[in-house]
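Okay, structure first, notes after.
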Amino acid sequence: MRERMMRYLRYLLPMKWWFLLAILSGVIAAGASGMGIPFMIYKVFPVVFDPSKMPEAVSEFMAARVDPANLKNVLLLLACAVMPVVFVIRGVAMWLNAVLVSYVGMKILEHIRMDVFRKLQSLPLSFLERQQKGDLISRVITDTQNVQTMITQVSNDIIKQPLTAVSAIGVLVYMMYEQGTMGMMLTNIGFAALALAPIIICGKRIANRSRKAQKGLGDITSVVQESLASQREIRSYGLEQRQIDELSKGTDKYCKDQLKAVKYQQILVPVMETVTALALANMLVQGRAMGMTLTDFLGIAGALFFAFDSMKRAGIAFNKLNQAQASLERLDAILSEPDTMPDPELPQPIGRVEGRISFRNVNFSYEEGKPILKNIQVEIPAGQVVALVGPSGAGKTTFASLIPRFYDATSGAVLIDGVDVKDVAKTELRRHLALVSQHAMLFRQSIKENIRIGRPQAEDEEVLQAAREASVFSFLDDQPQGIDTVLGDAGGGLSGGQRQRVAIARAFLKDAPILILDEATAALDAESEEKIQHELEHLVKGRTTLIVAHRFSSIRVADRILVFSHGEIVGDGTHSKLYSSCPLYRELYDKQGI
Ligand code: ADP
């Protein structure tokens with residue numbers, strides 16, 4: 001809790017002057033409402049209706065300057081002018097207060113949203129894999145939106161109303177003291193305390209319900225996101241109704257939780273108004289018993305009204321804040337997620353990398369107690385092309401993922417050119433690696449810009465050269481704007497083989513000394529694969545390359561093969577050596593019929 005407050009304070013610090021100005025204008029607005037108006041009724045009305053009640057000092061001053069015949073009119077005018085003056089001051093201060101609170105709130109929120117997104121970019125993959133993507137999307141978009149809406153809704157009230165209540169209660173106490181009505185004062189303070197109870201009780205319940213509702217909204221987003229991403233599977237297995245039912249269940253639960261929050265929110269107004277009516281009725285009874293005049297009564301009633309009305313409005317604003325609090329907690333959970341794979345404090349520069357890779361006694365598990373890689377010991381000299389083969393689930397992809405530090409070895413070390421990858425800054429390390437994965441991810445931009453991702457500062461000519469080397473031009477005739485054609489989501493509009501070529505062009509452009517081809521050709525039909533093989537052979541030349549191979553055709557380019565089984569390397573050598581000495585390799589190879 002304390003940590004969270006400190007974090008918000010850090011966000012507030014750059015805005016401190018605006019925030020102080022917001023508070024100051026809130027104080028003025030509150031003073032003008034809570035004190036100014038009741039005072040006006042209490043002090044000015046009697047003067048207007050009976051100028052003899054003018055305070056002596058003022059009437060002497062006026063009498064000295066003004067023709068006595070006009071005195072009454074001037075007094076009247078002056079007294080009446082107090083009202084618009086109070087309202088002008090109140091109006092300007094209220095406007096300034098609401099605008100500044102919104103400004104400060106939104107700026108802070110903007111920082112929080114960016115920090116959450118930044119954090120998501122840097123948190124370990126293992127964290128992201130455990131999360132529902134839809135829920136994370138919902139946090140970045142809906143929860144921040146929720147907080148933003150609340151800020152604008154409460155900006156007018158959050159500072160002004162509590163201060164108005166305090167100043168109105170202050171005036172009330174003063175007036176009742178002046179009237180010598182201690183009993184009345186005490187009962188009214190009792191009523192004010194009574195009015196606080198529903199604010200506190202409802203606030204807690206609203207926060208709980210809102211927490212559930214926001215979580216529900218995350219679940220709904222997950223269902224929608226999953227459904228849109230897996231339409232082929234859903235249609236081929238006839239899962240449409242299941243998805244619809246799931247969304248309906250989620251929406252139903254979300255609505256129920258929302259409705260419960262709304263019920264608690266709306267109960268506040270009638271409860272507070274009843275307490276106000278009770279307090280006024282009590283005052284009528286006591287005032288009448290004491291023989292209070294109408295103007296005295298009106299002044300006190302005005303202060304009482306402002307005290308209770310502003311408590312009610314402050315209560316509504318606090319309830320909205322409670323709702324926003326639920327969203328803030330969800331954002332905060334991401335911000336406070338520890339980075340389990342931080343960069344080293346003093347990262348080691350690795351300069352030019354030759355591409356020597358060493359695995360020293362490497363053990364790895366995704367979950368405690370379930371070892372995936374067991375005591376891996378391998379030296380890969382610079383420039384060697386290594387194919388990783390083995391049954392599915394044997395640990396090949398995991399092995400390759402330790403080199404770019406997608407995960408950290410549980411024990412042992414992975415070294416590049418003799419430097420432990422944990423001693424190098426992640427961005428520096430990854431500059432020396434190119435990755436072509438099974439499902440090449442293309443972004444919603446032109447083919448050319450998709451290739452440029454390999455090296456953003458590359459000249460146009462270099463991008464075109466990389467495209468030529470990966471035979472991207474062979475399919476550009478079909479694209480409406482050639483290499484400038486903008487792709488749909490995730491490279492929509494291109495076939496698997498074409499996407500793969502764009503990814504290979506990216507790797508050509510990056511020109512990194514280490515290359516990881518994660519089943520790069522697995523998603524292709526035999527013909528496309530045959531064609532791409534040629535570009536791959538060209539790409540791997542002179543680079544240390546790891547090919548996570550499922551099809552044995554991709555081992556044609558390999559100098560060396562590592563055979564994986566249950567997280568261990570059970571074979572290491574050339575094809576002919578392994579075929580004669582490694583039974584698992586022979587079995588896998590023969591099954592492929594190659
Ligand atoms: P291969 O590439 O040889 O098919 P992987 O390295 O992908 O094998 O997987 C090895 C084992 O690790 C499998 O049992 C798989 O279930 C598990 N695994 C892979 N990725 C994850 C992950 N992100 N979280 C938890 N377990 C995983």
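Keep in mind that glycine also has a Cβ here, set from the backbone N, Cα and C atoms.
Listed ranges 21-38, 291-308, 507-524; the one TrEMBL annotates as transmembrane segment is 291-308. Scored by C-beta pairs under 8 angstroms, the transmembrane segment (291-308) has its highest count with 158-177, from the stretches 74-104, 158-177, 183-202. Within the model, the domain 'ABC transporter' (357-591) carries an average pLDDT of 85.
Tertiary proximity for the transmembrane segment (158-177) is limited to same-chain residues at least six positions away from its ends with a CB under 8 Å from its CB atoms, namely 22-23, 26-27, 29-31, 33-35, 38-39, 42, 94, 97, 101, 184-185, 188-189, 192, 296, 299-300, 303-304, 306-307, 310-311, 313-314, 317-318, 321.
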